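Taking it in order: structure first as structure tokens, then the write-up.
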Amino acid sequence: MRDPFPFPPIPALAKASQSWADRLSFPTLPLHIHEVIGAAAFYTFVHVVVSPVVSNLFFSKYYPKHSRSKKANWDTHVVSLVQSTLINALALWVMYADKERSAMDFEQRIWGYTGASGMIQALACGYFVWDLGVTLLNFDIFGFGLLAHAVSALVVYSFGFRPFLNFYSTTFILYELSTPFLNIHWFCDKLNMTGSRVQLYNGVALLVTFFCCRLLWGTWQSAVVYKDMWQAVHRAPSPEYIQSYYNTISSIIDAENVMLFAAKPEPVPKWLALLYVASNVTLNTLNWYWFFKMVTAVRKRFVPKEEMETTTTKKEKLETVGSSAEKGAKANTTATEQRTKRPVAINKSRRTNSIKDLVPDNEELREGTIQ
């Protein structure tokens, strides 16, 4: 399938990027450089213009105008919400409409290329370019962890321009299906909607999509890509296989020639396979860890009342122990503390239906896919 992006490659921009593409062995980069730059510019516009204007217009009471760190967090969540919604819709459409991608075999999944998958990969890279820039400019706010995430995501997705695993660009971007719900959860807290029905229903959707997309789908597809890469490290497509895709020589990209950029494919370098597997395993491990944290948080919503009753019983027993003045003083102190803390216990009881802290904060999961 040809690149469905509404604007064709800009010749001057493609020519300017050719030297970098040659140095990095990214032959498809000139075909998508306008999408990378366009996506980075679009998300910058959302960050700098759209988020402040819309937030001030509709949420002026809550938008943190005077706190640099809180404002940066708010604006980046807006961008994350826009990006995850957009890229998910496009990826699902490409997976449905790209017939060449659907028919790919092992060799094509590793060395093959379609313009539609290249577009998804380029738009993701554009987002990661924006993410890297924002993280560097606000390093004191976001820290080293998010900087490392931005760099690794950009590097891993950039390898698709070799092309390498172009097929899987749409597959793993679907990790982002849970991200819109994660951002909505975050905004519910900021808009004083913690414990509301909106946040409750959104929390259920978040858990379901997180489990289905990141754990079930992600783990299954990771096993598939590991199997493909194991074969790719040990052998390359045969010359006869490649020759079957080169019946004619043309400078025009044939939408059906998915092996156009694999004229002389070699086995995948071990360092490249290890880098990809290490990044993927790290992300999958974090996904499982975060999900079990979510489950633990949900279970705790049903325990606070029982824990408070147990604590109260123990404190009442302490009040009756001992007859000395010291023990009496301690008992009085314990009783005083009990009376002081009882309103807090009541508040906790009232929040049993809340899903605040149900999941890790978005700063931990921002851009969640190997991206």
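Each Cβ is built from the backbone N, Cα and C atoms, and glycine gets one as well.
Lifted from TrEMBL, the feature list:
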type	residues	note
COMPBIAS	308-319	compositional bias 'Basic and acidic residues'
DOMAIN	69-303	domain 'TLC'
REGION	308-371	region 'Disordered'
TRANSMEM	36-58	transmembrane segment
TRANSMEM	78-98	transmembrane segment
TRANSMEM	110-129	transmembrane segment
TRANSMEM	141-161	transmembrane segment
TRANSMEM	167-188	transmembrane segment
TRANSMEM	200-220	transmembrane segment
TRANSMEM	271-292	transmembrane segment
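Across 36-58, 141-161, 167-188, 271-292, the stretch most heavily in contact with the transmembrane segment (78-98), judged by Cβ pairs under 8 Å, is 167-188. Long-range contacts of the transmembrane segment (36-58) within its own chain (CB-CB distance under 8 A, at least 6 residues past either end) are made by residues 7, 13, 65, 74-76, 78-79, 82-83, 122-123, 125-127, 129-130, 133-134.
Regional average pLDDT for the domain 'TLC' (69-303) in the model is 85.
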